[in-house]
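If you look up Swiss-Prot, you'll see 471-499 marked as coiled coil, on the strength of sequence analysis. What Swiss-Prot records for 231-242, 238-251, 253-266 is disulfide bond. Look at Swiss-Prot and you will find 30-226 tagged as domain 'VWFA 1', backed by sequence analysis. Summarising the annotation, Swiss-Prot assigns domain 'EGF-like' to 227-267. Summarising the annotation, Swiss-Prot assigns domain 'VWFA 2' to 268-457. Annotation source Swiss-Prot lists signal peptide at 1-29.
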């Protein structure tokens with residue numbers, strides 16, 4: 001039977017064409033794809049034990065609830081996956097909801113939002129006893145012990161308990177329950193260590209205030225994630241380097257490149273932008289609270305930044321100042337003219353120890369580091385990176401304000417016990433782009449990647465070279481699309497002949 005061409009056939013052809021076009025490879029897409037994230041959590045009976053004693057103000061308790069919600073968001077919640085219970089405590093213990101109560105993430109999050117503080121004393125031992133003997137029991141929804149099901153308790157507290165936690169914690173650990181202890185503010189750190197499982201550096205966390213407790217959420221999201229290495233399996237879209245983390249990955253670039261805003265592709269870094277000069281000075285806290293092993297990680301962090309700079313007399317210069325109770329200039333701007341020499345000097349830097357005089361160090365930066373006599377160049381962008389792990393023992397506000405008033409681009413990097421208010425005082429505007437915090441020295445390399453993007457200014461998108469590159473890219477995409485359309489047209493012609 002002969003089928004003639006007509007409106008119906010034209011409509012059919014158009015639909016076929018659209019279906020085939022939908023199969024055009026993703027590589028032709030002009031829209032950046034999001035960074036990879038895939039996480040499956042192993043089946044877990046998880047109980048939060050949350051201190052809401054009178055020392056925890058209502059606004060601070062709200063921040064705890066945000067932290068809890070962020071951790072829950074990352075879990076596979078369900079009767080056969082992760083079950084979550086919550087125990088609220090002060091002088092008494094109040095079970096907010098048992099493990100069996102909520103089979104979905106949405107209902108769990110609603111239950112967390114409804115929790116109110118109790119506002120009396122601090123009976124942490126009593127709360128732990130309840131969590132272990134009641135909250136994880138069969139009657140409350142706890143499952144039978146099995147190698148396939150984890151039993152986890154996370155304690156959040158900000159004070160010294162009015163009872164003992166040692167014995168009950170030992171019994172819990174002996175029975176196979178994994179204990180995490182999170183301390184806030186003036187918490188008794190010895191108590192945290194008595195509660196937590198080994199290794200303690202993975203099970204004890206401390207933050208200066210409730211304002212930064214949310215920053216711990218990522219750690220717990222990764223702790224519960226058991227998905228395979230996405231970089232090793234090739235399930236990523238990074239142009240150069242893939243850096244794996246549990247259930248996720250981030251893209252990185254080779255030495256001399258910086259990551260673009262799409263989080264996947266890389267550009268050559270030119271120190272303060274193509275053809276511009278940057279004077280960059282690191283102001284590094286070498287106080288005793290840092291500890292020698294962490295100071296070595298700080299040195300690696302510095303060299304990670306140096307690796308991305310185009311070091312030369314015309315472009316990027318680097319200086320380094322270490323401070324504690326006193327200030328020591330390790331090397332001024334312009335002393336070293338190659339990355340290799342700068343990195344060697346950083347590796348050879350010795351650890352000062354003693355106190356934390358951040359205010360005096362900032363004043364030194366202003367009065368000495370960015371002067372012509374110390375190698376600074378008139379007209380060059382002035383960038384200061386302040387790295388600290390604790391509260392300053394002197395006043396920082398005046399010096400921090402003056403540095404920004406002079407036009408210095410100031411970045412503040414805090415680790416562990418660093419005080420958020422001080423970091424924000426140091427950071428340039430917008431503060432969100434110039435202030436960085438992590439709870440653990442082991443993760444400062446992630447801050448390094450973010451800093452690289454801020455220091456390395458993108459070239460002018462309207463510059464002639466950029467326009468030519470864009471035009472060439474678009475032309476290539478159009479040619480590829482044209483070839484695809486020609487192939488589709490050929491297939492349609494063959495199909496039409498067969499039908500006829």
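Along the chain as shown, the residues are counted starting at 1.
Positions of Cβ are set from backbone N, Cα and C atoms, glycine also.
Nearest in space to residue 251 (disulfide bond), taking C-alpha to C-alpha distance over the disulfide-bonded residues 231, 242, 266, is 242. Nearest Cα neighbour of residue 231 (disulfide bond) among the listed disulfide-bonded residues (238, 253, 266): 238. Comparing residue 266 (disulfide bond) with residue 238 (disulfide bond), their Cα atoms are 9 Å apart once rounded.
Around the Cβ of residue 253 (disulfide bond), 22 further Cβ atoms fall within 10 Å across all displayed protein chains.
Mean pLDDT across the domain 'VWFA 2' (268-457) comes to 89 in this model.
Distance between Cα atoms for residue 238 (disulfide bond) and residue 253 (disulfide bond): 9 Å, as a whole number. Cβ-based neighbour count (10 Å, all protein chains) for residue 238 (disulfide bond) stands at 20. Under the three-state DSSP scheme, residue 253 (disulfide bond) falls in the coil class. Over all protein chains present, the Cβ of residue 266 (disulfide bond) has 18 other Cβ atoms lying within 10 Å. Each of the disulfide-bonded residues 231, 242, 251 was ranked by the number of other C-beta atoms within 10 Å, and first place falls to 251. In this structure, residue 266 (disulfide bond) is part of a beta strand by DSSP. Separating the Cα atoms of residue 253 (disulfide bond) and residue 242 (disulfide bond) is a whole-number distance of 9 Å.
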